[in-house]
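Below: the structure, in structure tokens.
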Amino acid sequence: MKQERTSKVKGLIKVIALVVPFLLNVNAFASPAESAGVTHDSIAAVARTEGAHAGEAPHGEAAGHGEEKAGDVIMHHILDSNVYSFEPFGEIVLPKIVVGGFDISITKHVVTLWVVSAIVLIVFTIIGSKYKTMSPKTAPKGFVNAMEALVEFIRLDVAKANIGPGYEKYLPYLLTVFMFVLLCNVLGLVPYGATATGNINVTLTLATFTFVLTQIAALKAHGIKGYLAHLTGGTHPALWIIMIPIEFIGLFTKPVALTIRLFANMTAGHIVILSLIFISFILKSYIVAVAMSVPFSIFIYLLEIFVAFLQAYIFTMLSALFIGLASAHEEHADHEAGAAHH
């Protein structure tokens, strides 16, 4: 049993290493203006403008400018940009590349995607080498043991529970997505890190992978005839003119939900943290900073760590659920529908 489990983990690690490189530069979905975010020149201009007004404006207007500047700084941290700041040590201006109208520039979020992909490849390569040299009778320890527990959790509680028979062929993708989304979320909470999952282009690409895999699973399970028959909803031909558009639109609501859910949750958390921090600067009060800004920021930060894990789990679980629903046979679906009805 132990040897069989070890061989399965080895196989999963190999496939994961093959899937990860596809989760790289997704910036081509954005227009040049969107991907550039807040450029260095615009930030400098805002800073000069705010400095000029600060010496002239009355207290009320100065507070308004302070709020505006705080909003600019928050958006600078949230939006993608080709300027990677390492305050107070300086900044790195990343190259802008536009090919045939598509922006494939290297930005903060693209760098984060590369770093996350490298981490996933390195981690699973190390674990794979450990399993190659490990005796089947030897229990894994430390980090290897933790990763085996993670693999078993995704295998049993996510893939097998939501997909059912034949879940093994989708497990490498689910493991890769979970680790990828989790690391993207966590790196956004690290100093000088950027939250790639706070970029809707990234979440849209991840959701597109799930969408494509879901349609492939449906075609394999039901064939082209069964796949097209699903669009009619099993209704009378007279209702097809209504049901087919509804079912067709329904195909795209799932990836849209995945896209917005992950993007909104990760973006909102960072906005809340930065807003709480800037309250003390806007009001210019140390009392507010000590009594409210710092404690609430720490609380929200800890909550964001939990949300980082939760959103990675939810994205993976919903991906498995959509694959399971698409590949489920009619009798299995009817059985589930009957159980839900009762």
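Backbone N, Cα and C define each Cβ position, glycine as well.
Copied over from Swiss-Prot, here are the features:
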| type | residues | note |
| --- | --- | --- |
| TRANSMEM | 11-31 | transmembrane segment |
| TRANSMEM | 109-129 | transmembrane segment |
| TRANSMEM | 170-190 | transmembrane segment |
| TRANSMEM | 199-219 | transmembrane segment |
| TRANSMEM | 238-258 | transmembrane segment |
| TRANSMEM | 262-282 | transmembrane segment |
| TRANSMEM | 287-307 | transmembrane segment |
| TRANSMEM | 308-328 | transmembrane segment |
Please tell me whether the transmembrane segment (199-219) and the transmembrane segment (262-282) touch - that is, whether there are at least 3 C-beta pairs under 8 Å between them, with each pair 6 or more apart in sequence. yes
Can you tell me which recorded stretch out of 109-129, 170-190, 238-258 has the most Cβ pairs within less than 8 Å of the transmembrane segment (287-307)? 170-190
By a Cβ-Cβ criterion of under 8 Å, what residues six or more beyond either terminus of the transmembrane segment (308-328) are in contact with it? 154, 158-159, 161-164, 166-167, 170, 173-174, 177-179, 181-182, 185-186, 188-189, 197, 206, 210, 213-215, 217-218, 220-221, 254, 257-258, 261-262, 265-266, 336
